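Structure first, commentary second.
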Ligand SMILES: Cc1cc2nc3c(=O)[nH]c(=O)nc-3n(C[C@H](O)[C@H](O)[C@H](O)COP(=O)(O)OP(=O)(O)OC[C@H]3O[C@@H](n4cnc5c(N)ncnc54)[C@H](O)[C@@H]3O)c2cc1C
């Protein structure tokens, strides 16, 4: 018999929290889980899922245009933003229901409330002011978009949270940021017919990605008609005529747009969570500091997912939750494996990537072989669309291991998943060479690049 109300109490009903609670409850543990907003968390309610649905919506106008090259005549088309928002809402509500049902079926107690720590084993449920105790507490509260309080007029701007549910589709939008969320939304809004500008302080979008992917995508976005302003930032936003926004940039440009969206990173949801009271340590970004087993400095308190500032992705939060359960409830210590995470940018075209960029690999290995192909995808031959697919393998010449694989092109995210399996298994370039191609596909290029395009020795391209 435990002296606590719960064996496990989870704060936050997102990707990591729900998985922790469901697995522990399924093992017969007494579990409580508190969510202050909607079960499913960022991913289901205002992240990956609605984002991908909007990506699909935004691709249709190119499909309609491309159809002509294949003999189709497409009649007059019209886009209804409100219909898309309603359809999205119905789908995320369905998913939210599934999350609740999964918890319920496993036997977890679902609590619709904010929860805060009041001590190492005690949590306060703010909806009822009730105190509950637990042997173990998992903090999986995620993060929220950086509000950029220093920017005059920041309150006139939206973030990704609001972008999904705007009352009207704006005619024009300025998006500030160069990370994957900014880039994806720029492509979504452009695809839906919005005059879109992206402003980013760096030299080129997507700073942590392979150079070829960054350059290729930026060029493709510009060619589509998205205006990309680099090496500049917004310094002031003011309310203009007719509810529009007048934006001033550091370089002195003035833009008048319907909406300004800030996509400048995310902040962990650790404010007013009672961390100081419980003695839980955070870092300079406000993220909870954990060890390899998601343990905080306070025994019995764990943290996982975005709030820990490791890798902010849904599968990572879920994996960390599974490792936590394995370690704490199954007596099998497992630390999350965050090496070689395959990931995608759902831009148009997409980026799919796993492993090291050429720049990172050049710092790590003395002798690299780079295999690179740039070609027009088959569909574009008849559609007439001017676009390029880029595929790239980075190989450590020393042991022939493929240390990075990068694709810019349609369905690159789908391809990255399978490349992830291969790289995780330690695939060599010779394995690629002896693999038969699937013809005709874009991916066959990956197994038919027999000669290196160039080598990088001691950091220098030769
Ligand atoms: C626009 C956007 C697009 C994204 N796209 C992708 C993608 O394509 N692929 C991908 O892998 N990842 C994507 N992500 C990231 C992904 O959504 C997160 O990495 C993931 O949701 C993190 O899960 P989590 O469990 O740590 O936190 P979350 O899912 O954020 O869940 C935390 C939950 O805790 C709740 N909460 C907070 N404080 C409290 C409290 N005190 N009491 C009770 N409840 C509380 C919140 O309401 C929230 O529901 C995207 C994120 C955004 C914003």
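Placed from the backbone N, Cα and C atoms, the Cβ positions cover glycine too.
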Please state which member of 97, 102, 107, 265 TrEMBL lists alongside 177, 178, 179, 180, 181, 182, 183, 184 for binding NAD(+).
265
What are the sequence-distant neighbours of residue 48 (disulfide bond), meaning same chain, six or more residues apart, C-beta distance under 8 angstroms?
42, 314
Among the recorded positions listed here (43, 52, 177, 183, 265), which has the Cα closest to the Cα of residue 439 (active site, proton acceptor)?
52
What is the number of other Cβ atoms found within 10 Å of the Cβ of residue 52 (FAD binding site)?
15
Out of the recorded positions 43, 52, 306, give me the one sitting nearest to residue 265 (NAD(+) binding site) by CA distance.
306
Taking ligand 1 as the reference and 6 angstroms as the Cβ limit (strictly under), which recorded positions among 43, 48, 179, 181, 306, 439 are close?
43, 48, 181, 306
Neighbourhood of residue 181 (NAD(+) binding site) by C-beta distance under 8 A, where only residues 6 or more apart in the same chain count:
160, 263
Whose Cβ, among the recorded positions 43, 179, 265, has more other Cβ atoms within 10 Å than any of the rest?
43
Which residues, in sequence order, are found in the same chain with Cβ within 8 Å of the centroid defined by the Cβ atoms of 177, 178, 179, 180, 181, 182, 183, 184, 265 at the NAD(+) site, excluding those residues themselves?
185, 205, 206, 263
